[in-house]
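For reference, TrEMBL has these:
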type	residues	note
BINDING	B:30-37, B:147-150, B:Ala176, B:184-187	ATP binding site
ACT_SITE	B:His37	active site, proton donor
BINDING	B:Gln61, B:Gln153	(R)-pantoate binding site
BINDING	B:Gln61	beta-alanine binding site
2 protein chains.
Amino acid sequence: MRLCKTINEIGALIKSLRIENKTVGLVPTMGYLHEGHLTLVREARQCCDVVVMSIFVNPTQFGPKEDFGSYPRDLQRDSELAEEAGVDIIFAPEVEEMYPRGFRTSVDVEEITDVLCGAARPGHFRGVATVVTKLFNIVQPDMAFFGQKDYQQVLVIKGLVRDLNINVKIIDVPIARELDGLALSSRNVYLSKSEREAAKVLSRSLAKAQEQVANGVRDIEKIRELVLSEIESEPLARIDYVEIRSIPDLKDLKVLEDRALLALAVKFGNTRLIDNKVLEV
Amino acid sequence: MRLCKTINEIGALIKSLRIENKTVGLVPTMGYLHEGHLTLVREARQCCDVVVMSIFVNPTQFGPKEDFGSYPRDLQRDSELAEEAGVDIIFAPEVEEMYPRGFRTSVDVEEITDVLCGAARPGHFRGVATVVTKLFNIVQPDMAFFGQKDYQQVLVIKGLVRDLNINVKIIDVPIARELDGLALSSRNVYLSKSEREAAKVLSRSLAKAQEQVANGVRDIEKIRELVLSEIESEPLARIDYVEIRSIPDLKDLKVLEDRALLALAVKFGNTRLIDNKVLEV
């Protein structure tokens, strides 16, 4: 496995792969890898000749009061996990390599970034869209792999790729979960033992919503109320949002007529967790 | 010469050129070609195996009260001129092909777009940056050619390419002028005979400024006043802006210490013309 720290370095490597007609798969991450990331790697491994993983804690997608500084980082551990899972090249640039002095360009996907995590984290998706555009241009992958845990992010990136005519196929992969249902996240390490226990309420509430839908409930507000009350039954949980929106436009819905996204963000102590489920009608 | 109207069509063509290892040069235009555009084509012809010209009057770079509707268009004439000058492929999409329903992504280069034409035409450079990003992704050129008449545009595109790590070399080509000095522009056809005569004041005022600099004048305001009074001596001219700014950051200057951009926009009747000169110290 190769570790590249600079754009020139990985650029030269990619160029030589292109000459050999190798297909390239990119797994963009912020590191501190968990089984969710490794699922993406295994998927990429099956589809492409060469698997590139980027590891970059992107400052521009964090708000001023968010956890950029304290976000967990461990490149040594990540390298070992990545190699074991089948990564060929890690691209792990410093912040100055990605955002040199005088950097002033941004990429914005409008409307679908005004809701859910976009409303809760202003500027977050601009940061995501910009860094992903950069990574696509640097790595020039045939395919890129993203987890459905950030479902809105997947929709933003698919929109970006379509609108800007970026020649990359976006593959989204189901959420990886702990045995008790908690969605895997690098931020789970922040949870105290009691918060970790309490956080089980998230996947449980999503499952209950799907049950209601299976039982024929179609009233969006009714389903939403059920999820809210389930989460509110957990004293350590503080709800940021619980919403049900259309796919792929994330529009408001009154009645469930087609598959829709049930998405939520909930804080446990200082740790903000997200989870979601595509409600199938 | 091939004429492509759809992204799929040109995409397939580009793919086959890539397999043959041909280098591709792109000349982005809004059509209604003049000698300035053809100079870009000849430059591209010298540098690249294949020359692609895009012809697209991009609605998103026009303000609501600007001349998008009336902007001159003549694809038949353009095709003949382009072929004669050495274009291999014209890409001339319809608006719906570039901006299908649900389009909602934009690319923004900040700070340098707040001044000069960016201040006078809000949103203009966002439109330019977005469409150029799309064209680069669609055509995947090795090089792209732009005229220095839109000097700020050249700086915006160079910024965009650097910031987003787009793998295209930007070549900027000096302004093509009529024998009497008027910078070539598709908008010159709007000018009445008396306005056309009056418009000579623009290049004359730029030349006088350079003369002053050659004579040792370094006070920015003094040079600017000279240009203003020269243009104001022409009754048909209404000044939009005359400014001298640093290259490449377009910062305010007090004293000329290094080469700097003298840029102006002036209206003659309803026709807004721009011109500029890099003042060499």
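Yeah, the Cβs are placed from backbone N, Cα and C, and that goes for glycine too.
As the structure is a computational prediction, the values presented were derived from the model and not from experiment.
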Spatial separation of B:Gln153 ((R)-pantoate binding site) from B:Leu33 (ATP binding site) - C-alpha basis, Å: 18
Rounded distance in angstrom between the Cα atoms of B:Ser186 (ATP binding site) and the residue listed as 'active site, proton donor': 10
Most crowded position, judged by CB atoms within 10 A, among B:Met30, B:Leu33, B:Ala176 as binding-site residues: B:Leu33
B:Gln148 (ATP binding site), number of other Cβ atoms within 10 Å: 18
Distance, B:Gln61 ((R)-pantoate binding site) to B:Gly36 (ATP binding site) (CA atoms, angstrom): 20
Sparsest-packed of the listed binding-site residues (B:Gln153, B:Ser186) - C-beta count within 10 angstroms: B:Ser186
Top Cα neighbour of B:Ala176 (ATP binding site) in the set of recorded positions B:His37, B:Gln61, B:Gln153: B:His37
Most Cβ neighbours inside 10 Å, all chains, among the recorded positions B:Gly36, B:His37, B:Gln61: B:His37
Rounded distance in angstrom between the Cα atoms of B:His37 (active site, proton donor) and B:Met30 (ATP binding site): 10
Alpha-carbon spacing, B:Gln153 ((R)-pantoate binding site) to B:Met30 (ATP binding site), which is rounded to whole Å: 14
Distance [Cα-Cα, Å, rounded] between B:Met30 (ATP binding site) and B:Gln61 ((R)-pantoate binding site): 11
C-alpha spacing of B:Gln148 (ATP binding site) relative to B:Gln61 ((R)-pantoate binding site), in angstrom: 18
